[in-house]
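S.K.: Encoded as structure tokens, here's the structure I'll be asking about.
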Amino acid sequence: MVLSEPYWDHHIPLPKLGPLHSRLVTAFVALICFINSYNGDFVFDDSEAIINNKDLNPDTPLSNIWKNDFWGSNLSSNSSHKSYRPLTVLTFRINYLLAGGLHPIGFHMLNVALHCVISVLMIDVFAILIGGLVHDGRGVKLNLSPKASFLAALFFAAHPVHTESVAGIVGRADLLCALFFQLSFLVYCKAFQGGDKKFSVLWIFSSILLCAVAMLCKEQGITVLGVNAAFDILMVCNLDIYELAHRLLVLLFLGGSFLLYARWRIMGTGPPSFTEVDNPASFAENVILRIVNYNYYYSLNAWLLLCPWWLCFDWSMGCVPLIKSATDWRIVWPLLLWCCLMGLVYQALCSQDSNKRSPVLHTSDFIGLMSSLTFSFLAQVHYNVGKNLADRGNQSAAVKYYREAVRLHPKYVHAMNNLGNILKERNELEEAEELLSSAVHIQPDFAAAWMNLGIVQNSLKKFDKAEQSYWNAIKFRKKYPDCYYNLGRLYADLNRSIDALNAWRNATMLKPDHSLAWNNMVILLDNTGNLAQAELIGKEALKILPKDHTIMFSLANVLGKQEKYKESEGFFLNALKINPNVASCHGNLAVLYHRWGKLDLAKRHYELSLRLDPNAPGTKENYNMLKRKLEQRQRTVG
């Protein structure tokens, strides 16, 4: 057989570069196009996946990344999206460790570097898809379309559709998934370097292993098995059923089945729960409308590959209105897409020169698949802008964006929940209650909204309704320590001390480091005269939270009331070492010294307290009382 480049490759107006130079040029193009993102900040979904994700902190056990989802929630939680991407989170954690904290430049630079590597590998991928899988007599793979594969890789490196995956830090999941997707495909192709339809089982198993790694970066990684299977059927086996049965079905099918089963078990053998906002097409009135809308998304995606002038990092909340009837002119686009695809299939399989054309079909399939990886990662525009503003303390602006999110999508329960929280903090309780009530009416299992509704109702003194809302939240999220904490506060307001203590104890059992629940137990026991029990609870809490100055403060108060002055002094001083600018701590330590008879020390800490807070309740009166006592003692001495 004479090996030659496709007849059209030499017509491409590009210089024929060697393998090294073509890779360097491709990497350079990828770098130049996206390097301007290096100094970006954490934005949108970065706040949940990175800033608020405790799994990035080196103090958090490394094993947590294997138990939690991409956002740091336990996979067993009802609120988890089941997005299991532990290897992506591990890279975030490494960024955090190397930078010594949350400094975005390192996160961005790694994203850009990954894009450069992926773009370079695309030369090898396109070389196989365009020029075919061909080896010389020594088994070395040949690139029969060097210019075409180089040009395709350049388009990939510079394509604007990758902007979110590269410039957005959470896009790391797409990048890592794409990297191992490529490696799995290339390793699978390496299994056939012997020729004569011989294959290496070791390389095929290596490909399946790399598929598993891609899947641990982002769920869509498992689709590489489908690409490998299509490549095997069409370009290796040439539809040879005997070869197909002995290789593809046995190895790929079993490997894929095992990975899917493992993923299903990790998810807790149950699917994630999504709302209409997350996937509006899935909530269309009937199956036909759902299919039409799915295909419209495909056509929109295909158009963005050809003309990426209308890019958006989020297509939800009405950005892409649903097609609801046959009279909607947009129904033409899915029809046009399928006509084009069928035309390509016909040209690839039925034309006289199909042997030369067939790889074109695979190239378009692969590009579509890679773009779908990018397209699948979409956030919620107005919601995320509002959330970002709220995280930065700009609540007035956040309210504006949340309201717009609800206007565009009246059933957007997460926007309602966050807007309700801000209104609650601004004491606009009636509107907050209305919004949160609407949210739980739309999505009855929305545990966070039930809890927030309970907080608002408690503030409105609707205690019975608040209690029921809290229990509804716990019903839908069994392990909900914050809800137990708020339920305890409700019971404390109603003077149901035993119920309050039980609720807070439940909170600390579910979340041992729940400082507020521990502290409230100590304070409630102190206020009800159960000093010995308060002391035990306080010391138990400090075994878990040895540097919590609020618990030290509360325990010191309890010990002072029991006249254990020396021990109480130690906890007050330790609390002040951690946070020396707490006026109440200085004030209460002064009261301790006052009772203990150490009047000079009492005077010093009263003055420190008043310096920090001139209006500290009771401190000024106690200080004046001490000054009279000191003056009286001075007169007596004199």
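Glycine is treated like the rest: Cβ placed from N, Cα and C.
Note that this is a predicted model, so its numbers are computed, not measured.
Positions annotated as domain 'DUF1736' by TrEMBL: 270-342. If you look up TrEMBL, you'll see 379-412, 413-446, 447-480, 481-514, 583-616 marked as repeat 'TPR'. The transmembrane segment annotation in TrEMBL covers 20-38, 112-134, 169-188, 200-216, 222-241, 248-266, 302-323, 330-349.
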S.K.: Quick one: DSSP breakdown of the repeat 'TPR' (379-412) into helix, strand and coil?
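M.R.: With helix first, then strand, then coil, the repeat 'TPR' (379-412) has 25 helix, 0 strand, 9 coil.
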S.K.: From the DSSP assignment alone, can you count helix, strand and coil residues within the repeat 'TPR' (447-480)?
M.R.: 27 helix, 0 strand, 7 coil
S.K.: Mean pLDDT, the repeat 'TPR' (413-446)?
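M.R.: That region's mean pLDDT is 94.
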S.K.: Can you break down the repeat 'TPR' (413-446) into helix, strand and coil residue counts using DSSP?
M.R.: 27 helix, 0 strand, 7 coil
S.K.: Count the residues of the repeat 'TPR' (481-514) that DSSP assigns to helix (H, G, I), to strand (E, B) and to coil, and report the three numbers in that order.
M.R.: 27 helix, 0 strand, 7 coil
